[in-house]
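The following features are taken from TrEMBL:
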| type | residues | note |
| --- | --- | --- |
| DOMAIN | 3-65 | domain 'Peptidase S26' |
| ACT_SITE | Ser5 | active site |
| ACT_SITE | Lys52 | active site |
| DOMAIN | 70-117 | domain 'Peptidase S26' |
Amino acid sequence: MTGPSMLPTFAIEGEIVIEDVITYRLFPDSIKRGDLVVAKSPVEPDTTIVCKRVIGLPGDIVCVDPTGEYAPTSEYIKVPEGHIWISGDNASFSRDSRTYGPVPKGLIIGRVLARVWPLRSFTIFRNPTTTIE
């Protein structure tokens, strides 16, 4: 992965992640808010892969940018069926759903499970919105 859009979760370059493509293919509704996903770019699907955080699921109502700081509008959008709303963790430097709108679920490749390189930064990613009892 390269680029600043997912700082501080991921460095600008040099990190390698493992993604779960099988579970998503078998259970496409398994993606949850807060998950990190890898997807084909809605703007350049043949050449660009993006890694972003899921903010909204089908039927959710999301505010494009409540502060107006990162996007030109603070309007509310209902995420259509078959789509998700994704965002970079570093909003100042992310091209995401605020730019290109809801993303078709068909562009999702899988969910990020772990960062495996560099070894000193090994991390297993758990969904921050999941409650463990």
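Note: Cβ is positioned from N, Cα and C throughout, glycine not excepted.
Automatic prediction, not curation, is the source of TrEMBL annotations.
Under DSSP, the residues of the domain 'Peptidase S26' (70-117) split into helix, strand and coil as follows: 10 helix, 20 strand, 18 coil. With a 10 A radius on its CB, Ser5 (active site) counts 22 other CB atoms from all the protein chains. Long-range Cβ contacts of Lys52 (active site) within its own chain (separation 6+, distance under 8 Å): Ser5, Met6, Leu36, Val37, Ala39, Ile86, Ser87, Gly88, Ser94, Asp96, Ser97. When the domain 'Peptidase S26' (3-65) is classified with DSSP, helix, strand and coil residues number 8 helix, 22 strand, 33 coil. The average pLDDT the prediction assigns to the domain 'Peptidase S26' (3-65) is 86.
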